[in-house]
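Pulled from TrEMBL:
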ACT_SITE  Cys390  active site, nucleophile
BINDING   Asp289, Asp337  S-adenosyl-L-methionine binding site
DOMAIN    172-456  domain 'SAM-dependent MTase RsmB/NOP-type'
Amino acid sequence: MRRKAENRQCGAPTNCWTLTEAPREPILTPSARISAAIEILDDIFARRRPAADALKDWGLAHRFAGSGDRAAIASFVYDGLRRRASAAYLMGTETGRAVIIGMLRLQRGLAEPTIAGLFDGGRFAPAPLTDDERKRLIEGNLTEAPPEIAGDAPAFVLPSLAAAFGDDLMEELRALGRRAPLDIRINTLKQSREEAAAALNDLGAEPTPLSPLGLRIPIGEDGRGPALHVDPLFLEGGFEIQDEGSQLASLLASARAGETVVDLCAGGGGKSLALASLTGNGVRLIATDADPRRLAPIHERLRRSGAEVEVRTPRTGKARADVLADLDGTVDRVLIDAPCTGTGTWRRNPDAKWRLRPGSLANRTGEQAEVLDRAARLVRPGGTIVYVTCSVLPEENDAAVDGLLTRSGGAIASVATDLTAVPGLSDKVRRTQRGVQMSPALTGTDGFYVATMTRIL
Ligand SMILES: C[S@@+](CC[C@H](N)C(=O)[O-])C[C@H]1O[C@@H](n2cnc3c(N)ncnc32)[C@H](O)[C@@H]1O
């Protein structure tokens with residue numbers, strides 16, 4: 001019999017503050033939560049801090065706040081970041097207060113009288129709306145706003161986004177500005193999706209629209225979902241929290257039973273776990289990552305899930321040996337879940353878009369060339385390289401693949417990505433010159449790109 005989870009206050013990891021704390025009843029009024037969110041956003045803007053750090057510090061300084069309060073405040077902060085540019089434009093200034101007021105109207109659809117009711121100037125509430133703020137809420141709109149403002153994207157990256165999305169640019173930017181759904185991937189090494197859905201019935205779990213491995217968990221109006229990290233089925237390894245797009249990318253890797261597969265950028269192991277599960281531990285799966293700290297959580301996840309994966313951890317430092325040297329030229333399939341700017345995950349991590357700099361794009365494309373070259377040395381003749389990013393920028397996608405094709409001097413060729421593992425996907429994805437692009441507007445997923453190559457020489 002499934003035990004009821006104790007704390008279901010918190011959904012996406014970015015909204016979680018309280019996973020290790022005992023749940024406490026909310027004690028702040030909605031207006032007091034808004035005051036807190038304004039204070040935190042001002043801190044983020046003034047000190048250019050990561051949102052997670054600012055939230056954590058606020059929590060430490062306000063230990064009396066309940067876990068429900070913290071989740072609700074985080075939700076205000078992340079929604080504010082989602083609409084940072086458009087809310088500031090609407091309100092004529094970029095302060096925490098302006099962004100929250102504009103967000104309540106643009107993102108949460110609240111009318112001026114409702115917002116005025118929250119800004120009532122009472123104890124712990126924000127000061128009452130000014131005449132100018134009221135006027136802007138009633139009369140303001142985004143009709144004349146430039147695309148980077150209306151679409152809440154950094155201006156420098158807009159030409160790349162326009163190249164990726166063409167006529168669909170604004171629709172895609174709006175979709176990237178919405179909240180992401182809360183998806184889990186069922187570990188079919190433990191039970192079927194149907195069995196998991198029955199076990200999670202009290203959460204309202206429904207099958208994901210495209211992934212045959214996923215369930216979608218409803219989240220509240222304020223973006224809060226259940227605390228899945230403490231759910232009994234999660235603790236038993238029955239599921240992992242994983243966006244549907246990430247599940248689809250794992251399926252499109254098309255690993256086949258009996259193959260030797262390397263997950264070259266395994267990080268915490270999200271794709272490795274998925275590959276092991278969907279092949280029924282039928283492949284020899286080797287996971288590694290340049291950063292041992294990122295790889296470390298995989299061990300606990302493997303224990304929980306029953307996935308069979310050989311983890312090869314590099315030593316840090318200059319003398320780090322190539323832990324895959326013995327596999328050169330022998331691997332059937334290399335999955336590259338490449339380091340990238342994460343522009344496809346802005347729904348989930350809105351802080352990332354405002355922290356993106358031209359230099360970080362250049363750094364990521366350099367790393368992508370490095371991992372592609374490494375994969376090319378690993379794969380056997382006739383073997384396959386599957387290149388994945390959670391970016392929508394052509395520089396990190398088709399251009400990165402083109403770079404490898406050119407550098408390989410004809411030894412590596414681009415082939416069509418097999419979409420048959422995911423019924424219905426073929427009609428939805430955007431086809432690029434070298435691969436396929438998923439996106440919030442087209443597939444309802446994060447913006448994953450998948451391209452497939454083979455070694456012909
Ligand atoms: C998108 S993340 C991987 C996420 C992971 N596959 C998952 O599903 O949870 C990209 C990873 O690439 C790793 N990385 C960066 N450069 C690398 C390199 N040269 N070789 C191997 N891994 C690298 C980073 O440390 C990071 O963990």
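Cβ atoms are placed via backbone N, Cα and C, with glycine included.
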Whole-number Å value for how far Cys390 (active site, nucleophile) lies from Asp289 (S-adenosyl-L-methionine binding site) (Cα to Cα): 17
CB within-chain contacts under 8 A for the residue listed as 'active site, nucleophile', separation at least 6: Gly245, Ser246, Cys340, Gly342, Thr343, Gly344, Thr345, Asp446, Gly447, Phe448, Tyr449
All-chain count of other Cβ atoms within 10 Å of Asp337 (S-adenosyl-L-methionine binding site): 25
Other CB atoms within 10 A, centred on Asp289 (S-adenosyl-L-methionine binding site): 24
